[in-house]
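Data first, discussion second: the structure below is written as structure tokens.
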Amino acid sequence: MAGSGGLGGGAGDLQSAGPGQGAALRAPRAPLTFVALLLGAYCLFALPGRCPPVTRAPAPVPAPAEPHHSSRRLGAPGLPVASGPGRRRFPQALIVGVKKGGTRALLEFLRLHPDVRALGSEPHFFDRCYERGLAWYRGLMPRTLDGQITMEKTPSYFVTREAPRRIHSMSPDTKLIVVVRNPVTRAISDYAQTLSKTPGLPSFRALAFRRGLGPVDTAWSAVRIGLYAQHLDNWLRYFPLSHFLFVSGERLVTDPAGEVGRVQDFLGLKRVVTDKHFYFNATKGFPCLKKAQGSGRPRCLGKSKGRPHPRVPEAVVQRLRAFYRPFNRKFYQMTGQDFGWD
């Protein structure tokens, strides 16, 4: 079933659903308190989160070339401040999207390059934490030497309306990387992630469509993120197309060395990360990194990556394909790339 690759059995199975009803909607009524708790949990995981609270972090020893004021920073949980030689700089390149497209894999592949220094956690500065200021943001970045590139990735930037303007204000020369994936498969993967954290959600069909198989509900973030052409249109108000590289999430799986090679070219880096660094893990269903010299074992992404998708009826997949088709074609025209989703 094209566009829904990796759809195994599991939660969210709608095969027994009646017309216009998701399976979850035909279950016996739950007490109102349980329903309220369930919806609250869904909102917690499905909607954009808040900026993490600020805590004091030990002040690192400033490098001689760094301005004195940058040695006093406020840290945030999960965002350790790096120390060592070099300077903290604003990122010259950002992986700005998209969620469940393959951004984590790309970041980990690029971190093999000796001239790439990347923040491991997602700082969410340009969508959630902007009020903390650019000095706070720069203080999170790893130190880099001359010739090295500073990067970070936060996939929600691509769908945040204010992000392009804010990033442009930081630096109009920022290089922007967008990892895109078949929007139908991406939506199902997004739902699978939320379902793993909030079991008992309404079915995929009940969330994707209004009134059974009525109009597609673009208010649902899992659907809305896949409207790539609309989001890109907002970005092109601030950045020329030449500042973007669009990476295929599908090719990142089938040909990781080729896609990472394109990214290295885009960043002006020597092609250091090549096919010798990858092997395909049949169990997970995507590439992993071969054991590095001096390392104990190969590196694969965490258990949350490669999780099985819930079964979604073919009728639902076909309706979503038809819905996304004009948006996909516009996106192909805008980027000059045919991603082969139709």
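Every residue gets a Cβ built from N, Cα and C, even glycine.
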For Cys300, what is the disulfide-bonded cysteine listed in TrEMBL, choosing from Cys129, Cys288?
Cys288
Return the count of C-beta atoms lying within 10 angstroms of the C-beta of Lys100 (3'-phosphoadenylyl sulfate binding site), excluding that atom itself.
23
Tally every other Cβ atom lying within 10 Å of the Cβ atom of Pro308 (3'-phosphoadenylyl sulfate binding site).
14
Excluding its own, the Cβ atoms lying within 10 Å of the Cβ of Arg104 (3'-phosphoadenylyl sulfate binding site) add up to 19
Round to the nearest Å and give the CA-to-CA distance linking Cys288 (disulfide bond) with Gly102 (3'-phosphoadenylyl sulfate binding site).
13
